[in-house]
Amino acid sequence: MSIQVHDTLTAQKRELVPLEPGKLRLYVCGPTVYDYSHLGHARCYVVWDVVVRHLRARGLEVRFVRNFTDVDDKIIQRANERGEDPIALASRFADAFHEDMDALGNLRPDVEPRVSGHIPEIVALIARLVERGFAYAPGNGDVYYAVRKFPEYGRLSKRNLDDLIAGARVEPGEAKRDPLDFALWKAAKPGEPAWESPWGKGRPGWHIECSAMTQKHLGAPIDLHAGGKDLVFPHHTNEIAQSVAATSDGLHAEDFARYWMHNGFVQIDDEKMSKSLGNFFTIRDVLARFDGEALRFFLLGTHYRRDFNFSDQVLAEAERRLSALYETVEKAERLGAGAAPAAEPAFVERARAALDDDFNTPQVLGIVAEAFTEANALADRKGKKSPEEKARLAAFARGARAVGAVLGILDRPPAQALSAIRDRAAARRGIDGGEVERSIAERAAARAAKDFARSDAIRDALLARGVVLMDGPQGTTWKVE
């Protein structure tokens with residue numbers, strides 16, 4: 001087994017070799033919790049959830065840490081607007097984030113540190129940087145990182161200092177020695193949360209927070225650091241500078257994290273989703289209209305490093321495909337019940353190999369679709385199933401569930417999943433499920449009375465509204481086209 005990942009630091013695909021055999025330490029930058037999470041968060045955290053699931057399925061003992069940033073300028077601004085305590089506001093939105101992640105089927109991290117609970121570690125790390133000459137306190141209560149002291153600054157983002165200096169500036173009131181320097185500690189201001197430090201009361205800067213929490217919960221160096229590609233600069237670039245300067249004499253980026261992975265953006269009409277452009281969707285906005293597993297399935301249809309466009313139409317198509325998969329699983333499990341054990345289908349190992357190759361989820365979904373087409377044809381074949389055919393269907397169902405477990409899909413009873421997906425689709429179309437059920441009952445009565453003209457009229461009227469009836473051994477079910 002060889003797992004290949006695209007490493008942002010080297011801009012190459014590399015074999016993922018943990019520092020300690022059999023174990024892997026992963027840090028993912030979590031959300032700044034000042035509002036409800038958006039589709040970009042959904043994409044990001046579904047990606048890293050699949051990474052964790054696959055690494056564990058491949059036998060690695062993964063320690064997964066993802067933080068909450070609950071001390072930040074945006075949180076303070078939002079809390080002041082609402083007259084609310086910043087930490088309380090952040091805690092409320094952290095709870096909402098958990099609800100959203102649960103709805104998407106994401107596993108919880110092993111550790112979820114919060115900045116507000118790690119102030120002593122942050123202060124100690126800043127003091128270490130000052131002591132080693134990589135940071136300075138100009139005397140106004142702030143502490144800054146001296147960027148030019150770190151020789152590999154910008155290596156991750158492929159930017160040199162000359163390029164960076166053109167866009168750098170010093171804000172009024174700042175006491176930077178160099179426009180490139182960035183804040184590690186910010187002096188207290190009225191109405192802001194503040195903690196004691198050797199430089200006076202204040203609060204940490206954004207970048208130092210993740211460095212401190214990574215070191216506390218994973219040590220240094222770690223195997224893998226991940227997040228959205230918007231974090232490459234400045235956040236991850238600054239994390240490297242801080243963490244390496246505090247812990248290593250070699251001053252190489254690998255002394256903090258051996259591998260770096262980044263996911264692409266969610267776009268609306270080829271533009272990055274943002275509030276300023278008015279094309280912003282929260283996870284809750286979408287889950288009010290679509291099933292959470294359908295959204296997850298949709299997100300996995302694009303390679304994690306690529307940007308992709310979101311639209312209701314494309315998501316609805318993903319929802320339809322997921323329903324079709326569940327329908328096939330239902331048939332395979334029902335028809336293969338009680339069959340003798342059979343060998344694992346070849347598509348399962350092909351799916352594993354695709355995930356080994358930089359977590360190629362769209363390729364996995366393509367492999368699964370091929371296998372489902374074959375299973376569907378076998379299940380729909382007329383006549384009694386032979387013991388061999390039953391065994392093949394049962395093996396397919398087990399394989400589908402195994403691949404689904406790594407992707408975080410196909411984990412519900414088919415009837416439950418199909419009903420949930422159908423009900424969301426019906427609500428979007430303004431279809432009353434209760435009314436449909438009453439029509440089905442009326443049609444059943446007409447058929448019992450051999451009034452087939454009435455029965456057909458009811459079926460056709462429902463079909464005209466996008467409702468498809470399916471007659472089976474257990475009665476009539478329905479779905480929305």
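For all residues, glycine too, the Cβ spot is worked out from N, Cα and C.
Some features that Swiss-Prot has for this protein:
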- Cys29, Cys210, His235, Glu239: Zn(2+) binding site (BINDING)
- Lys275: ATP binding site (BINDING)
- 31-41: motif ''HIGH' region' (MOTIF)
- 272-276: motif ''KMSKS' region' (MOTIF)
Report task. Mind looking up the mean pLDDT for the motif ''HIGH' region' (31-41) in the predicted model? Result -> 96
Query - Shell of the Zn(2+) site beyond Cys29, Cys210, His235, Glu239, same chain only (C-beta within 8 angstroms of their C-beta centre) - result: Trp206, His207, Glu209, Ser211, His225, Gly227, Leu231, His236, Asn238
Requested in this report: Using all protein chains in view, find how many other C-beta atoms are within 10 Å of the C-beta of Cys210 (Zn(2+) binding site).
Outcome: 28
**Report entry** Helix, strand and coil totals (DSSP H, G, I; E, B; other) for the motif ''HIGH' region' (31-41)
**Finding:** 3 helix, 2 strand, 6 coil
Query - Cβ atoms near His235 (Zn(2+) binding site) (within 10 Å, other residues, all chains) - result: 17
